[in-house]
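Encoded as structure tokens, the structure appears first; notes follow it.
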Amino acid sequence: MTIARLASCLSIAALSAALPLSVAAQDTPSVAFVPQLIGIPYFNAMENGGNAAAEDLGMQFIYQGPVDANPLDQLQIVESLISRGVDAIAVSVLDASAIAPLVDSAASQDAILFTSDSDAADSGRPVYVAQATDEGLGFKLIDELVARVGDDATIGIVSGEATASNLNAWIGFMRDRVAAEYPGVTLLDPEFAGGTAERAAQLSTDLIAAHPDLDAIIAVASSTCPGVAQAIETSGKEIMGTGYCSPNTARAYLKSGAFGFTVLWDPYQLGYLTVWAGKQLIDGAGFAAENEVPTFDAPVTFDAETGILLLGEPFVFTAENVDDFDF
Amino acid sequence: MDDQSGVGRDLTLAAACVAAVFLFALLSPAFGTAGNAATVLRNGYELWLIALGMTLLMAMGAIDVSVGAVMGVTAILTGQALLADLPLGVVMLVGPAAGAMLGLCAGAVVVWGRIPAIVATLGLFGVFRMLIFLVLGGQWLSGLPADLTRVVDWRAAGVPAGLLIVALAYGAAWVFLRRTTYGPHLLAIGFDEDRARLMGLAVTRVRLATFAASGALCGLAGVFYIAIYRNVSMTIGADIALEAVAAVILGGTPIFGGRISLVGTVLGVLLLRILQNGLLLIGVPSLWQTVVTGALLLGVLSAEVVLRRARTGAA
């Protein structure tokens, strides 16, 4: 990891140098989004949604993030955006404890820091643009899976980085749901693959060997989906793969049967909503309990107590509907 | 080539592998099965190939930390050759050929740029990662056809073809090291580069050839990667350089060069993969695996220092 970290620092330095030095000098208000990792289809879709919203709303949109899901790199990127005078910065938080202190220091430099896609709940951020509630996602995946593999199943979990707060929250709610509703289900402790698909495949293969009675494996991080699917295909066993996987990543495996279904939301809309929320914050307009957002069919709910702006219900992708999506 | 302490190290490592196998088999009924043994070996293919190149480089006093990115670039090329329906023989050669070119680039920067290998290859690592990003354009290659998978998993008398190819690579390296002047020259450069040059050895040629050979092996690892995982993500190979260096050092090839042990590298990789697989099977959380491998590396190195002190103290 150290090597990747050094190299990504170099590339971040290069990227920062290539972008305009001061965005504050321009008249149009600017919103930035810092993903956990650039170069994966999921965050690309958020970037596209953000760009569309920026065009519709007359904003400037900046998209910058680490190349390998590294919390330190993400911190540096957020700090550089604050000092460059960006008006509002949304972060998909990798490490909540690292981001939280920045909320105040951003405010002292006339920037608004908020979270989107992954939260830092106790940081004092004004709003968290949520793709779905962590509870909704954790429950939905377990409900859909138990309906398919039975309420006496043994289920393994392969996650990504152990410090990613959103992934850990989903796993927590999966456990809650199993404990409350499905006493016959055995949910194994999560294994952490870091960011590489190779490691995810090796972990899954070992899980299958360690538990001959395994019925399903959940790929919690999108980066682990192909690895989990590949391990299931190689094993030749009757094991159902699932997870929070984008349609493009899971398409081949949904059609081959290695994956029964996947649960996610539309990141394009999430990116759109993020930039819209940034504009509301910059304008000082705030949020109502129900908000009309341009291009959205249903009103978007805001919970003033938790500060969560909710995109909507999680979506279940299957072999039948996967071709309707492209991200 | 293997001096006395090198052979001692090989024996210690072999004993460690055997001990680990017995321990894990005792603690987990799932470990000691033929299927799991095949899995452990299959998980080692890319690391064996990359660690072989790293062994040659480190024996020469060099290092290449860009190997993971080279594997990434060549895996993408192999995947795209596969999608383009090229003949399988061609598909399998694209990776090693491209890898050799990239390795030669690294060698050229080190040799003619007079930049220390670790700095030069760290810079190239960043460049190659960017190349991967630009080529993939944010989309993953996933669900690739299984043509290569069938080649690698094809068995001759029960032995998988993938393992045979790895063995062939090591065999070829052994022949070059033992039966040609390449071996002595490589070690002479690793021992003292300036003296090797004064002795009239073709230092530049040996260094370039070694970087190219390491690159070709990374390319072959890229072919194996596609065969086994059938997908390529942005983060491909992010950790493998450190794993390779760890396996080589465990195997007794020192980081400053001048000595080499191919058997040690084979065993070093095997021990890493046995530990990763076995620890999970006996229920140790995967987070602890890196701690165990790190502690193992530190333990071996400090034991070596203590032993050397004891020996020089006795003499």
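Heads up, the Cβ atoms here are built off N, Cα and C, so glycines get one too.
Feature annotations, courtesy of TrEMBL:
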{"type": "TRANSMEM", "residues": "B:12-35", "note": "transmembrane segment"}
{"type": "TRANSMEM", "residues": "B:47-77", "note": "transmembrane segment"}
{"type": "TRANSMEM", "residues": "B:89-111", "note": "transmembrane segment"}
{"type": "TRANSMEM", "residues": "B:118-137", "note": "transmembrane segment"}
{"type": "TRANSMEM", "residues": "B:157-177", "note": "transmembrane segment"}
{"type": "TRANSMEM", "residues": "B:208-228", "note": "transmembrane segment"}
{"type": "TRANSMEM", "residues": "B:260-281", "note": "transmembrane segment"}
{"type": "TRANSMEM", "residues": "B:287-307", "note": "transmembrane segment"}
Relative to the transmembrane segment (B:157-177), the stretch among B:89-111, B:118-137, B:208-228 with the most Cβ pairs under 8 Å is B:208-228
Same-chain residues at least 6 beyond the ends of the transmembrane segment (B:89-111) with CB under 8 Å of its CB atoms are 53, 62, 64, 66, 70-71, 73-75, 77-78, 81-82, 117, 120-121, 123-124, 128, 147-148, 151, 204, 207-208, 210-220, 222-223, 226
For the transmembrane segment (B:260-281), out of B:12-35, B:47-77, B:208-228, B:287-307, most C-beta pairs under 8 A are with B:12-35
Most Cβ pairs under 8 Å to the transmembrane segment (B:47-77), of B:12-35, B:118-137, B:208-228, B:287-307, goes to B:208-228
Under 8 Å Cβ-Cβ from the transmembrane segment (B:208-228), and at least six residues away from its ends along the same chain, one finds 42, 45-47, 49-50, 52-54, 56-57, 60, 62, 64, 67, 70-79, 82, 91-92, 95-104, 106-108, 110-111, 144, 148-149, 151-153, 162, 165, 169, 182, 186, 236-237
Within the same chain, the residues 6 or more beyond the ends of the transmembrane segment (B:118-137) and with Cβ under 8 Å of it are 63-66, 68-70, 72-73, 76, 102, 105-106, 109-110, 232, 234, 236, 241
